[in-house]
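A short write-up of the structure that comes next.
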Amino acid sequence: MKYSFSRIVFIHCHLYLWPLMPIVLKAKHSRHSCDLSSDISPYSYSRDGDIIFGGIMQIFVYAAGGNQDFSQKPDPVSCFVPSLQFLRHLIVFIYAVEEINNSAEILPNITLGFQIYDSCISEVVALMSTFSILSERPEPILNFICQKRQKTVAFIGHMLSSATHTIAGITQLYGYPQVSYGALGPMFNDRVRFPAIYRTVPNEYSQFKAIIQLLTHFEWTWVGIIISDDDSNLQASEELSKQMRQSGICVSFLERTPKPTESNGEGILKVINVIKRASARVIILYCSTEAFIYLQSKLKGVRKVTWISSVTFNFITDFPSETNLHAFTTFNGSLAISLHSEEIPGFEGFFSEATLGNMPGNTFIEDYWLFNHGCPNVSLDSRGNQCLKETYKKNILMLEGKYRITYTTYMAVYALAHALHDMHSSTSLLTNLPNVFSGKIRMKLNHYLRNVHLRTSSGGVFRFDENGNIPGIFDILNWNVFENGTITRTQVGSFLISRVPQLLIDDSKITWNPHFHETPFSMCSIPCSYGFRIAHQIGQAPCCFDCIPCSDGEIANKTNMENCWICPEDKWPNPKKDKCIQRTIDFVSYGSMLGDTLSSIASISLVITVAVLFVFVKFRRSPIVRANDRTLSYILLLSIMLSFLCSFLFIGYPVKVTCMLRQVAFGFIFTVAVSSVLGKTVTIIIAFNAIKPNSTFKKWIGTRISIALVFLISFGELCICIIWLVCSPPFVDTDTKSVVGTIIIQCNEGSFAAFYAMISYIGILALFSFILAFIVRTLPASFNDAQCITFSMLVFCSVWTSFIPIYLSSKGKYVVAVEIFTILTSTGGLLLCIFAPKCYIILVQPELNSRRHLLKAELHTFHLKL
């Protein structure tokens, strides 16, 4: 649907031209018995009937006069610029009444009439028009009816909330139902103050859900709001802003457009500068007709903005008048929340015929022709020439299907008619109308109007809710302005509050502003992608934030997440941190390089130990074996062998049994080994000190003191281990902190105090053995283990001294690896330092393994001491 851009906005009639073209409207009326003079002569059109609908509508665009300061008589009210669009509202009112009168299904044998007055965009005129209908004469008399019988039962009007409110002050006082065809103000929801007010448009605030869902659909979270400089729009914008914040949408700016006066030039420039500087690319228009015209005339150089107009824009965009194309192209590609409308069958033809002269006596139509075309009627112009009908017909075609208020006016008439029909079907009030007092009808009409249900032309159901409004239903329109001066308004979606989903929109039908190559972007900050969370900027709106990567162990699988989600213990974030994946289970296992290396060393060491034990058993009667306390050597070799075997308890998947055994087994076996070394050292001390004259050590020769010492010392370690296992035994545990994305299966020692007590016991024992061995290192060298024991204990103490800091600083499976390596190294040190020299003599230099060599070495040592 297209029409000339030159007829879009009605600012061609500027206020400075008004003095040159006033039409002071005087109504023609017959002389009545009640005759009072008035400076306000309401302009009207009426038709008699059995039942009368009073209509107060807006036909003219401008009004002058009526100002009063209570110091002198008010100026007369003059009306200017009749609007073809507003004329449609009048004619569709008449069309609906005629259609109902010609229908046999609605109010049969009852004729509807009407009294329609123009409010002339003046609340004073609207008020006086109300009194004119009540008193049934053009010049009203307050609280007085000049006719014997009053037929008016209800009022239709007004289009504006302010005028509707003024009219309601009278209609609600006298109990008249009133149906507004355009008042959006939320104040009419108050059923205590306005018990009989109904509207064929939704409540103004119900469009907020449509606006918010539209913003959410396109992910516009950073928007501006332009409002008119009046209290009602300010209150509505505050409520809209509140609901937007609750939905996660932020307001970049909220600016009021000043009233169009010379003194407000700087104010409008300030608003324009805010729009240009703002980063928001989407702006909501919530303003009046006057404010919009003033704003769009100044919007030069504003291009990359998508406008969303509120329902109040229906009263603005329905004016096909001259304007500045350059300024209006700013709104190209914008979206509009519009009142829902449907086709009115047969109306376009009726409207064309009516305005072309088929409605004699309608002075509204006559004045339209006089003002806009210079014709006193459709046939002749002011010079007596034939008027060009083609130009007017073109204007008629421009209006077809464009206007939403036309439909709401049509439904207002039908709602009242259906309510009367329901009353007629249920009561006998309308059967003898000439004799029925209209007050009875209007008092009962409110009940039937509250429950009215009727089918629309599309098959939908029309009804009023508990507040007297129709449920929220809107059309989503897309505005496009073309270079040839035409515009289109294409319906691209709809909103119905009772539907799921409430908003339906077809993105493919939308044509955006040419400055946008795709759907416009309007966000304060780029959305945080997966793996990031938002961090709000201090002092900024909630929609302005930085994107921070999720911490280790957390994910974000949605955009703009406030907080990252923590993965379960057995899972870990993937590299993008947008989902949790199964952690890798790790431990010192057979098959891994670390596990295989340690197990190989332990196996080789075990084989060597077995070989050494075999040599000592085979050569058990040789002097070198017998001279080194054969029994203690066997015990030491067995403990070394068990120590190597003990390291296998640390390799493989930890289970409860291995966790409980490995530390205590290693501690006890090491204690036996070190105590055996200590026993060998004590044996050497007794043996070499017993040869001294009068030595008290002689009585210990031959006794098993060294064996008893091994058992006694080992028993102390055994007690520590038993207490440990009883009080706080080791158990299987998991470590998810040490290695990223890995679960380390390990043994928890249960009581670290017991663990370090066990290690300390072994350390003290080894240190004591080292000291004793160091003391006896100067004894005869032949078959003397003192030097070997000294070196072995030095290695042992060095290894375990290094073990403690490395153990504490290691993490995960490397803690186990460090302990295994320490066990293998310290055990290997004992095997190498103590038994390697003896095996070398036994296997490589057997000639040194003789009693004669032993005595020779002892004699040589004796001479050295002399």
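Cβ atoms are placed via backbone N, Cα and C, with glycine included.
Feature annotation (TrEMBL): of 4-27, 820-843, the stretch labelled transmembrane segment is 820-843. Between the transmembrane segment (820-843) and the transmembrane segment (665-688), the number of CB pairs under 8 angstroms, six or more residues apart, is three or more, so the stretches are in contact. The predicted model assigns the domain 'G-protein coupled receptors family 3 profile' (594-858) a mean pLDDT of 82. A Cβ distance under 8 Å defines the sequence-distant neighbours of the transmembrane segment (598-619), meaning residues of its chain 6+ beyond its ends; these are 588, 590, 625, 630, 633-634, 637-638, 640-641, 644-645, 647-648, 651, 817, 820-821, 824, 827-828, 831, 835, 838-839, 842-843, 849.
If you look at the transmembrane segment (752-776), the same-chain residues 6 or more away from its ends with a CB under 8 A from one of its CBs are 663-664, 667, 670-671, 674-675, 677-678, 681-682, 684-685, 688, 713, 716-717, 720-721, 723-724, 727-728, 784, 786-787, 789-790, 793-794, 796-797, 800-801, 804. Beyond the ends of the transmembrane segment (709-732), by six or more residues, the same chain brings 632, 635, 654-656, 659-660, 662-664, 667-668, 671-672, 675-676, 678-679, 682, 745-751, 754-755, 757-758, 761-762, 765 to within a C-beta distance below 8 angstroms of the stretch. Through the fold, the transmembrane segment (788-808) approaches residues 674, 677, 680-681, 759, 762-763, 766-767, 769-770, 773-774, 777, 815, 818-819, 822, 825-826, 829-830, 832-834, 837 of its own chain, all at least 6 residues removed from its boundaries and within a Cβ separation under 8 Å.
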